[in-house]
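According to TrEMBL, the region 'Disordered' annotation covers 1-53. Annotation source TrEMBL lists coiled coil at 128-316, 345-414. What TrEMBL records for 444-773 is domain 'Kinesin motor'. Sequence annotations record features per position, and here TrEMBL assigns ATP binding site to Gly524, Gln525, Thr526, Gly527, Ser528, Gly529, Lys530, Thr531.
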Amino acid sequence: MSARGVRPGMLRHKENNPADAQAGKRQRTATGAGRQPLSAAAQPPPPPPEEEPMVFAVREDVEALLNEKMKGKNKMDYKGKSEQMMEYIKKLRACIKWLLEREDANLTEIGNITARLEAEGKQHSKTVVELKNSFDEARSINEELQKQYTSLQETLKKVEAEKMDTLRALQEEKDARTSVESMKNKLLEDLKKGKLEEKRLNDQIKMLQDTNKRLQEYNTSLQQYNSNLQADATKNAETMAKLQKEKNTMVETMNGLKDHANSVKMQLDLTKSLQNEAAKQKNELLKEVEGLRMELQRAREDRDNKSAEVDSLMAEMGTYKEMTGKAAIELDGAMTRTAALEETCSSQRQMIKTLETKLAAASERLKMFDLTALETMTEYENQKKILESLQSRLEEAEQQILDGEKLRKKLHNTILVRSPGLPKVQYIYLPIFKVISLQELKGNIRVFCRVRPLLPNESGAISYPKNGENIGRGIELMHNAQAYSFTFDKVFDHSASQEHVFIEISQLVQSALDGYKVCIFAYGQTGSGKTYTMMGNPELDDQKGMIPRSLEQIFQASQALNSQGWKYKMQASMLEIYNETIRDLLGVNRMAAQDGGSSKYTIKHDANGNTHVSDLTVVDVTSISEVSSLLRRAAQSRSVGRTQMNEESSRSHCVFTLRIFGVNEGTDQQVQGVLNLIDLAGSERLNKSGATGDRLKETQAINKSLSCLSDVIFSIAKKEEHVPFRNSKLTYLLQPCLGGDSKTLMFVNLSPEVSSTGESICSLRFAARVNSCEIGIPRRQTQMRSSQ
């Protein structure tokens with residue numbers, strides 16, 4: 001018969017009992033091999049000749065064979081009935097043979113599927129690790145390249161700014177150089193003019209020297225002329241004596257002029273440039289000298305008239321004295337201006353040399369900046385190409401991570417592998433990040449045990465296994481000289497930090513984003529640290545409890561999934577059950593809600609196992625800060641009281657619910673998850689707590705609800721048909737978590753002191769019973785979004 005003839009129910013039956021099937025097969029083989037021949041009397045009649053085997057296509061053929069009735073001609077027709085019986089037995093043998101063949105084929109196929117699943121699981125884990133390493137490497141390379149790119153951009157900006165400054169400075173230097181060159185040309189022209197003026201002045205000095213010589217000769221002739229005049233005219237002796245005196249004065253003056261001219265010549269030899277004013281003054285001096293010459297010529301012509309000539313000579317001598325004094329003053333000024341011009345020229349020459357040096361250095365720097373800019377641009381282009389290639393690799397890695405995330409969600413909590421070494425069909429969970437126990441796969445409630453630290457005046461009675469397989473999972477107590485030991489999924493001693501505890505439940509919290517219902521609640525006696533475990537101190541990072549840390553992880557993971565197309569909407573609510581009355585901890589008018597009684601809030605469960613409380617305040621939250629504000633507001637509203645066992649004891653059960661709605665814009669997939677975080681009130685004994693009045697009523701209500709919770713656990717453990725969820729509001733509210741398809745984890749908190757050992761043993765026994773309860777298999781709530 002072909003494989004299409006195997007019905008799903010039959011295949012599941014065989015798959016769920018492979019050991020029985022193998023045993024049955026071995027029994028049939030042994031029976032067939034060791035079967036003894038029947039006696040002649042007991043042997044059936046010889047079988048008829050073999051015919052073509054029957055083919056059973058569907059289950060209806062087998063049912064028809066089983067329902068077939070024997071028919072005969074009459075009641076006494078034993079031979080006909082015997083033949084029909086033989087035919088019927090032959091059909092049954094063919095059916096049994098076909099079923100055995102199908103069973104062997106199914107077992108072989110199950111073994112092959114198991115091997116393939118194991119290989120695929122190993123390959124997937126390896127692929128995930130490689131993808132994660134590649135992503136981390138690509139992310140680190142990308143960050144390094146981003147930093148290099150940023151630094152290169154800043155360097156390029158600085159280089160461009162320096163280049164612009166250099167260009168501006170170069171332009172200014174060019175302008176200054178142009179102005180200096182123009183000034184230099186102007187100075188050169190002035191220098192040429194000064195040299196021409198100097199040459200002309202030298203010529204004029206030579207002319208003055210010739211004139212002085214002629215004047216000396218003229219003086220000599222005048223002396224001779226005077227002596228002749230004295231000899232010729234005695235009447236004019238006095239006049240001649242006066243004239244002689246004047247002549248001597250004139251000679252002295254001429255000698256002084258000669259010395260002064262020699263000094264002027266020496267000063268002019270040192271002078272390299274003269275201004276136009278000195279030339280004009282010298283020209284005037286020459287004109288005056290020529291005028292003197294003309295006057296002297298006129299005196300020579302008029303020497304017949306001695307008196308007139310002497311008067312004119314005296315006048316000319318006076319004029320000459322005045323002109324000589326002016327010329328001396330003007331020559332001193334010209335020398336001063338010449339020295340100033342020389343200093344100006346030397347300073348300008350030094351300035352020109354300095355500017356030329358700066359210009360050469362600026363040109364070299366400009367060349368270097370051009371080369372550096374070219375190298376920088378080349379390196380920038382290379383880095384840009386490398387960055388583009390890395391970005392493409394990063395996109396590929398992100399796509400691979402997206403595919404891996406899809407595969408993780410598909411395999412998370414669903415990959416089951418049969419363990420070949422177990423007598424019955426059991427399954428091992430193969431998650432992506434962490435190995436989960438067999439109990440969780442079967443739907444068991446996971447249990448974590450946490451022991452609070454000892455107070456200064458307390459003595460401990462709790463110890464932990466030092467070796468063996470129960471390290472980190474076992475706990476031991478001594479009570480009345482008797483040892484008690486328990487084993488759970490995880491045991492945290494007094495040194496475990498909040499972060500260490502949360503790491504163990506982080507993957508369970510992550511399942512809420514994947515569309516599962518998750519419930520985490522804390523159980524234990526008063527003062528054992530339940531509220532610290534669940535809430536802690538949200539203001540201090542190292543003391544944050546499971547509720548704040550879970551919410552932080554939910555929001556961080558939802559933001560990380562935005563890059564994969566997921567958009568999440570979250571709603572938060574928080575209530576307490578106080579004396580079997582539901583109170584809204586987020587309600588605006590809390591006192592009015594308390595006065596309204598329990599009738600205001602009604603617990604309802606829908607067909608999908610979701611729980612709703614009517615009229616309960618539900619707040620849309622978009623960030624961890626909003627949720628933290630709600631938690632602070634709820635903490636102020638929660639009922640607490642003081643007892644002999646705890647100064648600030650929680651007098652109610654607190655339930656925080658976060659509903660998560662997710663939509664993938666790319667695949668149109670929708671998920672709906674629920675995260676329930678519950679801090680139960682502590683169990684306590686009246687003789688220890690010393691409760692009276694309202695505290696007594698609270699203690700009775702707390703113990704009653706916890707007793708109802710214990711009854712529910714016992715009923716589930718015994719697999720009774722009726723489970724008393726409705727006996728209390730706490731158990732009815734937790735019905736989907738305890739009897740549905742939720743992922744549930746319980747913290748059992750213990751006080752390590754000796755006086756609390758009895759209550760600790762009761763809590764551990766209850767936790768062990770909870771750990772053995774089998775509830776529904778977790779089911780993911782997902783669907784495709786309908787197209788509009």
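The backbone N, Cα and C atoms fix where each Cβ goes, glycine too.
The sparsest Cβ neighbourhood within 10 Å, among the listed binding-site residues (Gly524, Gly527, Gly529), is found at Gly529. Summarising the environment of Ser528 (ATP binding site), the number of other Cβ atoms within 10 Å of its Cβ, over all protein chains shown, is 28. Cβ environment of Thr531 (ATP binding site): Ala522, Gly545, Ser650, Asp679 lie under 8 Å away, each six or more residues apart in the same chain.
Model confidence over the coiled coil (345-414) stands at 75, taken as the mean pLDDT rounded to a whole number. Within 10 Å of the C-beta of Thr526 (ATP binding site) there are 25 other C-beta atoms, taking all protein chains into account.
Around Lys530 (ATP binding site), the same-chain residues six or more apart in sequence whose CB sits under 8 Å from its CB are Ala522, Tyr523, Gly524, Ser650, Asp679, Leu680, Gly682, Phe747, Asn749, listed in sequence order.
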